[in-house]
Amino acid sequence: IESQNVTRVSEFHLMGLSEDPELQPLLFGLFLSMYLITVLGNLLIILAVSSDSHFHTPMYFSLANLSLADISFTSTMVPKMIVDIQTHNRVISYAGCLTQMSFFMLFGCLDSLLLTVMAYDRFVAICHSLHYQVIMHPRLCGSLVLLSVLISLLVSQLHNSTVLQLTYFKNVEISHFFCDPSQLLNLACSDTFTNNIVMYFVGAISGFLPISGIFFSYYKIVSSILRVPSSSGKYKAFSTCGSHLSVVCLFYGTGLGVYLSSAVSLSPRKGAVASVAYTVVTPMLNPFIYSLRNKDVKRAMWRLFRKIV
């Protein structure tokens with residue numbers, strides 16, 4: 001790399017989703033609306049679970065933590081994007097970019113691990129229903145959530161330690177609406193082999209292992225359901241994990257879609273547009289999926305909403 005193409009930077013420029021001035025008001029209104037819906041919906045889930053004793057169960061405890069992680073995950077990126085659109089200033093400092101990436105990795109990994117914990121909960125509830133209360137006691141539930149947080153912190157700090165060693169970059173323009181880790185590593189002027197090893201390790205912990213755990217849990221769940229003689233019993237058993245399965249498919253499906261679209265398309269901007277699906281849309285839809293498919297949650301959220309209003 002020629003010396004004139006290598007820059008030691010103190011800030012980056014986020015290119016956003018579009019540079020068209022006419023689209024900026026539309027993007028501002030759209031993302032502000034989606035962010036408010038995400039925060040309000042997930043906050044109602046948290047308040048409903050914490051205020052109603054009927055929801056003091058392992059599944060809803062994990063759901064409340066997932067909602068909190070979703071709020072934090074979206075808040076890592078969307079408020080900065082909204083401010084950038086409003087102020088017409090897309091500059092982010094090196095420290096700010098590092099901080100944003102750190103929280104992105106933390107809450108993204110936490111989302112994935114909490115979905116795995118919820119899959120294990122459904123596995124115990126269906127395959128070991130008689131011993132559910134004994135196995136899924138409050139101490140174990142708390143330990144699983146705490147372990148998920150600690151692993152997410154480890155992944156985030158491991159990624160941070162790699163990025164901190166990067167001081168020289170080929171370009172200061174990031175074709176995204178937030179500091180995407182993969183794009184920043186691609187701009188770095190350093191040994192790509194080491195960076196790739198770290199990224200593969202991070203991907204294994206935050207992606208491959210949770211997916212494997214979820215797949216194994218549902219393999220056991222489906223095997224157990226197929227042994228149920230009556231069709232009504234099969235439907236009742238499967239309906240208890242329908243919401244979780246929908247969220248899993250939405251979360252990993254959109255993530256896989258973004259990965260495939262970025263691999264096929266040579267335009268980073270198209271990858272940024274596709275990433276809106278799992279960074280903004282998925283956290284927004286999660287409360288609707290759980291409330292629409294669960295009458296108890298729907299009633300509790302409606303009672304809570306009437307009290308607030």
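Quick reminder: no glycine exception, Cβ is built from N, Cα and C everywhere.
Per TrEMBL, the features are as follows:
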type: DOMAIN; residues: 41-290; note: domain 'G-protein coupled receptors family 1 profile'
type: TRANSMEM; residues: 26-47; note: transmembrane segment
type: TRANSMEM; residues: 59-78; note: transmembrane segment
type: TRANSMEM; residues: 98-120; note: transmembrane segment
type: TRANSMEM; residues: 140-159; note: transmembrane segment
type: TRANSMEM; residues: 197-219; note: transmembrane segment
type: TRANSMEM; residues: 240-260; note: transmembrane segment
type: TRANSMEM; residues: 272-292; note: transmembrane segment
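Where the transmembrane segment (26-47) meets the stretches 98-120, 140-159, 197-219, 240-260, 272-292, the count of C-beta pairs under 8 angstroms peaks at 272-292.
Outside the transmembrane segment (59-78) by six or more residues, the chain places 31, 34-35, 38-39, 42-43, 45-46, 49-50, 100, 103-104, 107-108, 110-111, 114-115, 117-118, 121-122, 125, 138, 141, 144-145, 177-178, 279-280, 282-284, 286-287, 290 with a CB less than 8 A from a CB of the stretch. Same-chain residues lying 6 or more positions outside the transmembrane segment (98-120) and placing a CB less than 8 Å from one of its CB atoms are 59, 62-63, 65-66, 69-70, 72-73, 76-77, 80, 92, 144-145, 148-149, 151-153, 155-157, 159-160, 163-164, 178-179, 181, 184, 202, 205-207, 209-210, 213-214, 217-218, 244, 247-248, 251. Sequence-remote contacts of a segment are chain residues at least 6 beyond its ends whose Cβ falls under 8 Å from one of its Cβ atoms, and for the transmembrane segment (240-260) they are 111-112, 115, 118-119, 122, 125-126, 207, 211, 214, 218, 221, 271, 274-275, 277-278, 281-282, 285-286, 289-290, 293-294. Averaged across the domain 'G-protein coupled receptors family 1 profile' (41-290), the predicted model reaches a pLDDT of 84.
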